[in-house]
């Protein structure tokens with residue numbers, strides 16, 4: 001039966017619209033911005049998922065373009081964008097004077113800004129809108145201070161008056177935020193990304209931990225997911241951004257350097273790092289522990305039983321088990337055989353366990369007992385031994401799907417940072433790197449004062465173009481309030497007048513005039529504009545106490 005013309009025309013119009021949208025997306029993807037980006041889907045597949053509403057230019061996309069240019073400039077010049085975790089609009093407004101990016105930390109949000117109002121450690125167990133809401137909080141403050149400054153400068157009646165105000169501050173400093181481990185499966189990752197884009201984030205980072213067992217990057221018990229599973233997360237982030245026509249910057253973080261667990265052994269790239277038992281006479285760890293718990297064992301005694309099981313199990317990586325078997329054998333060319341094996345089975349060879357076992361048997365003439373199921377912990381997770389080379393392997397796998405890669409580490413070890421950078425750049429020479437200048441490190445113990453002074457620049461020479469102190473907002477606030485509370489309790493108003501207000505005057509801190517900083521003059525202007533130029537209730541009229549500071553700032 002022939003299709004009526006009206007229906008045929010509708011179909012043709014629909015296909016023409018999709019074809020046009022797909023062509024526009026392809027043109028967008030052909031821009032230099034995407035030279036290093038790998039996508040696993042077509043422009044048409046994105047076009048059919050955008051809907052009929054005209055594409056929006058989200059503020060996030062504007063800020064993403066800005067931060068990309070900032071980072072690109074640092075990459076070309078061999079310099080560094082340095083920043084730290086901002087807690088609130090006060091900190092953001094002051095950071096804008098000196099820094100070119102802003103960081104929003106999930107750790108800080110977990111302890112100070114959960115949308116459940118329930119504080120806690122950095123386990124990403126707060127509601128998934130917590131960090132996006134903090135981004136929105138800070139982004140709206142940035143916009144407000146930008147509007148306030150713009151109006152003030154627009155009122156200048158001469159170049160001299162404008163010069164007297166000093167250089168304009170770029171309050172619209174791009175925000176890169178913590179997306180933790182995605183707060184669930186791929187649909188959660190998609191929705192979380194959408195929230196960040198809608199709320200003004202220029203970029204987000206996501207780590208390769210499990211979302212159910214997520215820990216702070218400086219806690220024990222970290223469990224990573226298979227390589228491909230995290231790649232799927234990164235693809236989902238980019239897919240969401242593409243659908244929303246956002247150029248969101250993606251930072252791929254790996255926690256594998258100190259990971260001790262992995263959720264699955266499905267990905268062959270992880271096989272080299274999975275720990276197995278080499279004692280065939282050992283019972284499964286989970287059964288062993290369950291039996292002890294059922295018998296009433298707990299606490300320290302349970303820990304002792306676990307240690308005893310581990311010692312008896314002979315836990316090793318497969319290449320270690322192979323080397324031990326070779327060294328125990330009667331073959332004469334032991335080192336040659338071990339080298340032949342290691343040349344084909346290494347941290348970056350992505351050799352499967354099946355292939356490694358086959359090679360081991362060819363070289364040694366027998367099978368080696370190695371079972372990674374026996375040591376599985378009671379939560380069902382496999383034991384894993386990461387390290388720097390593991391992080392290199394994962395960062396290389398993630399690099400095509402992210403703009404920056406980051407290895408979370410336990411110490412500010414420059415040589416380790418060099419090993420990671422060189423390992424990644426051996427495959428991707430222009431790859432951008434990020435580094436966490438963590439306050440979890442004991443910096444005075446880790447290096448000398450002179451080394452502290454040059455650490456950022458030295459990392460920058462290795463390619464770490466974005467570096468950040470995750471919790472500096474938290475720590476500086478705690479220190480300032482601790483010190484002021486102590487002084488105020490002892491010295492009364494002298495503590496505030498001399499140690500706060502006078503220093504604000506000396507340093508030219510704009511919050512000294514907190515009414516003006518808060519936008520009272522700007523809002524007065526709106527009221528007057530709405531009321532024909534006059535407002536009897538203007539906040540900054542005659543009688544405002546801030547007139548006392550006219551000569552100070």
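Just so you know, glycine gets a Cβ as well, placed from its N, Cα and C.
Quick look at what Swiss-Prot lists:
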{"type": "ACT_SITE", "residues": "216", "note": "active site, proton acceptor"}
{"type": "BINDING", "residues": "105, 106, 107, 217, 218, 253, 436, 437, 438, 439, 440, 470", "note": "substrate binding site"}
{"type": "BINDING", "residues": "178", "note": "Mg(2+) binding site"}
If you count Cβ atoms within 10 Å of the Cβ of residue 438 (substrate binding site), leaving out that atom itself, what do you get?
20
Would you kindly give the Cα-Cα distance separating the residue listed as 'Mg(2+) binding site' and residue 440 (substrate binding site), rounded to the nearest Å?
17
Count the Cβ atoms, other than its own, that fall within 10 Å of the Cβ of the residue listed as 'Mg(2+) binding site', considering every protein chain shown.
28
Which of the binding-site residues listed here (107, 436, 438) have a Cα atom within 10 Å of the Cα of residue 178 (Mg(2+) binding site)?
107
Within a 10 Å radius of its Cβ, which of these binding-site residues (105, 436, 440) has the fewest neighbouring Cβ atoms?
440
For residue 107 (substrate binding site), the number of other Cβ atoms found within 10 Å of its own Cβ:
23
Quick check: in three-state DSSP terms, what is residue 440 (substrate binding site)?
coil
